[in-house]
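Everything below concerns the one structure shown next.
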């Protein structure tokens, strides 16, 4: 680090990246992320391929396993739903393991390969169990018929599946995002598009999964589940082979110090210095050790939110990293209810469809294939959003993504509440017709309304959260922070299980029939519509909670790899950036051999 003409110039020789596991041989002149011949669309194309093939099986399982648990494993209605939501909750909770490992011990590519092996092994075990009658339970008339070695084999395969999928999802999105440099205006637009195309790859693979794979698995009265699992195992294997083929083209970041250690240092210093007064000038807090200059190449300016006085063991940047994570927590919490709603579309809505007319002309549509309707909408809408809407709105907002990530999330939360309201109305119609004439149920395609609206909600929220957590995360915590998106999903699934059990328990005591809203296996005797209304009202209240925290949130002011201030001047502070405004832009232009801050209306 040198001082030139009153400015601090940060050197660009920090070994942040490795080329396919080899030592770094050269950087772009202005951006160390732009390694010659590495990254970009060519690199992410392999990741898109893996995402499509892996999600072909994962999403197919998400929407159909509740039927497998009910009709092959002989769980009752609520236990089948809870088994699936607990599996999904565990899967997304374990993303934090993959994120932590790829930030600390091994790079993101290696993390994906290791955990992908667990996923393929789990799918292979599930294929064997579904094909071998000796590994299947016998009907017993109880809420669960799992026992002995069958139960051990069953739950072992589910645990391996959760670990494998979770580890991959905790590291793969960040691996793809690493192929673009957020500090370069051109690559910043590519990064914004990356998350949209990542979702499009997911949707394309999912569309194949919920049609072809689900139809194969549920065909012949649920006797072909092993074929469905076999297809998903082969698809995932091919996906990871594709990931390996793309290794020479990836920008691979070298893991840094443990983010947990850095967080612990800040907490310890905050406690130690809790009685001290803040200095008048923030510049007095700014302290960087030369020996840490490589690991703190990305500096974050001081903010007034939260109070912590740096000490010699940690810099202002370390303190601000922890502040960033603390500011993210309310955002994570505010999206949990939406993911609880998503869990219902993969459990009770599928069971609704099983009791509706599945015919489209002479073709019998599996109830678990109904999500293909919103997926097809998304296949059309995502390119339109990325290629038409974003460039148009970018002209006014000057934001690389068109609108801020938190604005996208807010739109998704509103639509999720609408989806649950429609689900309640459709269930009333379905139940009334079933009780009136069980031989003439309403069409399965009535479910398309709730699935379609929620699919659009997911398009806004999932991409918004992934981009938000990646961009706002400290440099050494990109994977860990991205996994927060999946943590929200995890808590949503677990909360679904809690809601189902709690509502059943409470309504059982107060209902005249002494039966809960969601008891047994007969939906016609349940009150699933009331459960949907409960979630719709809760989602509406949650949106206002989110609105408060999104307005309160202050975006990170990042000084990545550039000289941004006079050596003697105070660091810049982050201004208030409410929910309906675009973040401040801190773009750089070369001057006097260094870089200075230029403020504009958008952020590259």
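These residue numbers are counts, starting from 1, taken along the chain as shown.
Glycine too: its Cβ is placed from the backbone N, Cα and C atoms.
Nobody curates TrEMBL annotations by hand; they come from automatic prediction.
Here is what TrEMBL records for this protein:
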TRANSMEM  46-71  transmembrane segment
TRANSMEM  83-101  transmembrane segment
TRANSMEM  113-132  transmembrane segment
TRANSMEM  152-172  transmembrane segment
TRANSMEM  193-217  transmembrane segment
TRANSMEM  229-246  transmembrane segment
TRANSMEM  368-385  transmembrane segment
TRANSMEM  406-426  transmembrane segment
TRANSMEM  446-470  transmembrane segment
TRANSMEM  482-500  transmembrane segment
TRANSMEM  530-549  transmembrane segment
The transmembrane segment (193-217) vs the transmembrane segment (229-246): 3 or more CB pairs under 8 Å
yes
Quick check for me: are there 3+ Cβ pairs below 8 Å between the transmembrane segment (152-172) and the transmembrane segment (406-426), leaving out pairs under 6 residues apart?
no
Chain residues in Cβ proximity to the transmembrane segment (530-549) (below 8 Å; excluding those fewer than six residues from its ends, i.e. six or more beyond):
330-331, 334-335, 337-338, 340-341, 344, 348, 409-410, 413-414, 416-418, 420-421, 423-424, 427, 499-500, 503, 517-518, 579
With Cβ-Cβ distances below 8 Å as the criterion, list the same-chain residues six or more beyond the ends of the transmembrane segment (446-470) that contact it, or say none.
173-174, 177, 191-192, 195-196, 198-199, 328, 331, 335, 338, 341-342, 345, 349, 352-353, 356, 367, 370-371, 373-375, 377-378, 381-382, 385, 401, 405-409, 411-416, 418-420, 422-423, 426, 429-430, 478, 481-482, 484-485, 488
Ranked first among 46-71, 368-385, 482-500 for CB pairs under 8 angstroms with the transmembrane segment (83-101)
482-500
Given a Cβ distance threshold of under 8 angstroms, which distant residues of the chain, six or more beyond its ends, lie next to the transmembrane segment (46-71)?
77, 79-81, 83-84, 87-88, 112, 116, 119, 123, 130, 165, 168, 172, 175-176, 179, 197-198, 201-202, 204-206, 208-210, 213-214, 217-218, 222, 225, 228, 231-233, 235-236, 238-240, 242-243, 245-246, 249, 345-347, 350-351, 354, 366-369, 371, 521
